[in-house]
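Report on the following structure.
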C-alpha cells in the first residue's frame, strides 16, 4: 500500500493505492456519510465494515445517469437526511459515479467533504483524480460541471480482481496517454510488462496506478482550473475521442474512443510538423500490443459524422477559429498548439470514415 499527499490550491488530497486500502474509510467512522454507488456492484458489506452507519444511495453506472435530473434527485435524498457541511459524500464505482458524486458534493451547501473510491481501472488512473466533476447536457459531455477536489482517493486493488480484461484495457488508454506525453519511464514500463499487466499482476497494476496518479496530480497541482495552459496535456486524444463518443451517442467506451483519438491527433501532430517522425508508429505500437483500437473501423458502434463534428465545435478548447490541442512531440514530451478549427475537422473526417 502506497500513499500520496498533495496540496492542490486550497485542498489537501490524499491518495491511497494498494490492496486493503479501503480500510482507510475507518478514519471517518464517526461522521455522517452518504455512499453514492453503482448498482452493478455489491458494496454494502465492504463499506459497513468500516462505516457501520453509512447511508447508501444506488445509482446507474452509465452516461444516462450524468444528467441534472439525476443530481436533483440525489439532492432531495440528502435534504431528507439533513446532511450538513461536516458530512461526507463517498463515490464508489466507475467514472460516471465519481463524476456525479463529486458534482453533488460540490453544489450541496456549497461543498461537502468528498471521498472517491474508484472500482474500475479507468477510475483509478484517471476519472477519480483531479477534481473535475460534471454532467452532460444536449449530447455534450460534461457541459455543466465544477472543479472540486476530494479529500481522499482510495484505489483498492481488490476491486480489480474480478474486473474483465476488456475493462482493464479501457483504462490502459489513459495510462498510455501519460506515457506518450509526460512520462517516458512509464511508456517503457508499459512496453516491457505487457504480460504482467494483462494478467492483472497486483504489483504491476499498483505500479502503473501509482505512477499514473503521480503524473496526473503533478499537472493538476500546477493548473487545477485549466487557466495556465498546462492541464490541457491531459486532453491528448480527447478532442477526437470526445467527438467519437458524441457521434456514437456515447455508445463507444471512453477508453476506446480516446485510443482512436490519440492515433488521429498524433497523425495530425506529425503531418503538421510538431512531432518527430516516428511518433505515430510509437503510439500505434503500444496500442496494438495491448489490443486497443487504433482505427475507427475497429469500433463496433456507428459514429454519426455530423454529431461528431458538432462536438468538435463545442469542444472546451475551442477559441474563436482555433482549437488548442496538446501534441506529443516525442515520447514523454508535448507542446500546446493552436490548430485551425477547419484543419481539426478535416483530420477528424479522415479518421472517422470507415
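Numbers run from 1 along the shown chain.
The backbone N, Cα and C atoms fix where each Cβ goes, glycine too.
Sequence annotations record features per position, and here Swiss-Prot assigns NAD(+) binding site to 61, 62, 63, 64, 65, 66, 119, 120, 132, 141, 159, 160, 161, 162. Residues near residue 63 (NAD(+) binding site) in space but far in sequence (CB under 8 A, at least 6 apart, same chain), listed by position: 96, 136, 141, 250.
Per Swiss-Prot, the feature Zn(2+) binding site maps to 174, 238, 254. Counting every protein chain shown, the number of other Cβ atoms lying within 10 Å of the Cβ of residue 174 (Zn(2+) binding site) is 27.
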Cα separation, residue 174 (Zn(2+) binding site) to residue 159 (NAD(+) binding site) (Å, whole number): 19
Cβ-Cβ neighbours of residue 132 (NAD(+) binding site) (radius 10 Å): 22
Residues close to Zn(2+) site centre defined by 174, 238, 254, Cβ within 8 Å: 122, 126, 173, 177, 237, 241, 255, 257, 258, 261
Those residues of the chain, 6+ apart, with a Cβ under 8 Å from that of residue 61 (NAD(+) binding site): 38, 39, 40, 93, 94, 96, 97
Assigned element (helix, strand, coil) containing residue 161 (NAD(+) binding site), judged by DSSP: coil
Local backbone state of residue 61 (NAD(+) binding site), from DSSP in three classes: coil
Residue 119 (NAD(+) binding site): tally of other CB atoms within 10 A of its CB: 27
